[in-house]
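Notes for the one structure printed next.
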Amino acid sequence: RALGPLIPSRLFDQFFGEGLLEYDLLPLFSSTISPYYRQSLFRSVLESGISEVRSDREKFTIMLDVKHFSPEDLSVKIIDDFVEIHGKHSERQDDHGYISREFHRRYRLPSNVDQSAITCSLSSDGMLTFSGPKVQANMDPSHSERPIP
């Protein structure tokens, strides 16, 4: 569900094993702005992997931040009417120690997406873009009757 007319539908719960920083461990009352404001929560959402799904008349697009994965760590498949995106990398050292990450996302494709024309690309900044054009059904404008069950 969209959060507003200007913000498309997004999944904000994709942290992919981000490390904790010092201010993540501070109690709520340590904020100088307000005892009820916790900056790190909002910051974490903005800097985490975000999935965005867009569907308009012309195309269906999925954009997924996979910056922690190399192309060899990713798998994208179409199975029936679903696109499945899987990412997994073995244990690596980062700023906070050692970490391994794995995720699995499954999205339903609209029935009018041309599956034979789907493309998938990975940008240099780690944004995976999956896109497919929609086909228009051949409808006779003079005959618009449709039974409703």
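Every residue, even glycine, has its Cβ placed from backbone N, Cα and C.
Given the structure is predicted, the values throughout are model-derived calculations rather than measurements.
Taken straight from Swiss-Prot:
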type	residues	note
DOMAIN	41-149	domain 'sHSP'
BINDING	H89, E91	Zn(2+) 1 binding site
BINDING	H96	Zn(2+) 2 binding site
BINDING	H143	Zn(2+) 3 binding site
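In this view, E91 (Zn(2+) 1 binding site) is surrounded by 9 other Cβ atoms within 10 Å of its Cβ, with every protein chain counted. Note on the domain 'sHSP' (41-149): mean pLDDT across this stretch is 83. When secondary structure is read from DSSP and collapsed to three states, H96 (Zn(2+) 2 binding site) falls in the coil class.
Summarising the environment of H89 (Zn(2+) 1 binding site), the number of other Cβ atoms within 10 Å of its Cβ, over all protein chains shown, is 16. When secondary structure is read from DSSP and collapsed to three states, E91 (Zn(2+) 1 binding site) falls in the strand class. A straight line from the CA of H96 (Zn(2+) 2 binding site) to the CA of H89 (Zn(2+) 1 binding site) spans 17 Å.
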